[in-house]
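Sequence annotations record features per position, and here TrEMBL assigns substrate binding site to 19-28, ASN110, 137-138, ARG214, ASP252, ASN363. Annotated active site per TrEMBL: GLU174, HIS250, in sequence order. Under the heading active site, nucleophile, TrEMBL lists CYS369.
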Amino acid sequence: MKQFEVNFDGLVGPTHNYAGLSFGNVASLNNANAKSSPKQAAKQGLAKAKALADMGMVQGVLAPQERPDIAALRRLGFTGSDARVLESAAKQSREIFLACCSASSMWTANAATVSPSADTADGRVHFTPANLTNKFHRSLEPQVTGNILRGTFANEKHFAHHQHLPDNEHFGDEGAANHTRLCSNYGQAGIELFVYGRHAFDTSKPAPKKYPARQTLEACQAVARLHGLDDDGVVYMQQNPDVIDQGVFHNDVIAVGNQNVLFFHEQAFYQKDAGFKELQAKFGSEPLHFIEVPTAEVSVQDAVKTYLFNTQIITLPSGDMTIIAPTECQENEAVKRYLDKLVTLGTPIKSVNFFDVKQSMRNGGGPACLRLRVAMNDQELAAVNQNTLINDTQFARLNAWVDKHYRDELGEDDLRDPQLLIESRTALDELTQILKIGSVYPFQQG
Ligand SMILES: N=C(N)NCCC[C@H](NC(=O)CCC(=O)O)C(=O)O
């Protein structure tokens with residue numbers, strides 16, 4: 001049986017904008033109110049996805065969410081026609097209005113936590129959508145995320161879909177952004193590393209002081225239970241609270257893993273020695289490559305600015321690993337110097353490829369934020385909705401779809417335009433037909 005790691009990239013939605021919604025995410029706050037380009041953003045994302053497909057990787061896409069979220073605005077008491085709901089929300093509560101317009105579902109690393117069949121008790125691939133409770137604009141996502149995942153992985157024999165965890169800060173869950181799987185081969189049982197920012201119930205434990213820790217240990221444990229993971233295949237580590245306070249709002253901003261490699265910053269983890277010892281012991285006799293980047297070579301600040309660790313490490317068909325990095329890494333002297341050195345160190349990582357995903361980076365989303373990893377065997381891959389996989393035809397169709405429906409530029413005033421709502425719904429309705437994922441959006445459900 002063949003084994004794959006498939007990357008499902010989030011298609012950027014037609015309302016992609018910069019609203020400064022994510023306290024603790026430096027880029028989001030710094031770019032608040034800048035003009036965005038939804039068309040460029042969607043095309044940058046598609047170009048990255050296509051480039052990976054061209055490298056021989058299996059690559060998919062996940063549909064974006066319906067925004068502006070009129071249903072959420074109605075839940076909050078805005079009434080009348082859709083246009084009236086938009087207008088009164090924009091006038092009466094700018095913050096609520098902007099949150100309900102965010103295209104944040106593009107960062108599919110936060111869509112869900114995924115456990116491959118080799119790790120789970122019932123031998124199915126398990127998905128739990130992230131509840132994203134820490135940010136109001138992101139907490140609107142899990143229900144529709146679940147619909148999209150069911151439309152993409154629509155086969156009960158191979159795929160198990162759970163409801164997101166209770167919508168409460170005690171179970172704050174940010175999905176795969178705080179989860180990495182280490183394994184010898186994608187098809188063999190691996191070690192699932194869950195990284196949390198704080199303990200929900202035990203306040204005597206360390207926690208950040210300035211910025212929020214979005215993920216709790218209790219959420220990680222609940223996901224591991226739901227997925228039927230064996231204790232011997234799970235390790236929990238805490239993110240260093242000090243780096244959360246320096247803008248590392250998800251663990252994938254400071255660490256990334258692939259197969260037998262864990263690439264991380266010296267300051268990424270709290271009590272790292274004990275954690276790494278447990279990881280190696282559970283991994284078995286084959287040595288793991290712990291690639292630690294010292295602060296002396298790359299500061300936490302530079303890591304946050306360039307997203308050196310929000311890179312994708314992928315295994316090419318040749319067996320070599322390559323890093324998919326944002327161009328910001330090329331433009332920073334210390335980070336570029338480190339990457340030049342990294343490929344000579346004799347680790348499995350042999351090359352680096354740079355991509356321009358600046359539209360996403362300005363909201364704090366690098367290459368790794370834009371993708372959800374799903375390790376599958378060939379039977380499971382055959383059970384995936386094939387229309388969601390990228391090949392030349394689907395790439396051309398999606399690019400043409402973006403050209404047809406997306407605006408070149410978007411500012412805050414455009415978001416209140418009822419025409420944008422009509423354009424977005426028209427685009428998404430057509431997308432559900434291109435991807436054949438069914439009526440996943442509230443506006444399609446009447
Ligand atoms: N690291 C990973 N995996 N994902 C990045 C998510 C970025 C996202 N930014 C935003 O939601 C900003 C939206 C705005 O400000 O308009 C967030 O903070 O949740």
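Any Cβ shown, glycine's included, is placed from N, Cα and C.
Curation plays no part in TrEMBL annotations; they are all automatic predictions.
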Recorded positions close to ligand 1 - of ALA19, PHE23, ASN25, ALA27, ASN110, GLU174, only those whose C-beta is under 6 Å away: ALA19, ASN25, ASN110
Cα proximity to ASN25 (substrate binding site), best match among active-site residues GLU174, HIS250, CYS369: HIS250
Whole-number Å value for how far HIS250 (active site) lies from ALA27 (substrate binding site) (Cα to Cα): 13
Neighbouring C-beta atoms (10 Å sphere around the C-beta of GLU174 (active site)): 29
Using Cα positions only, nearest of the active-site residues to PHE23 (substrate binding site) (GLU174, HIS250, CYS369): HIS250
CB within-chain contacts under 8 A for ARG138 (substrate binding site), separation at least 6: SER102, SER104, ASN110, LEU132
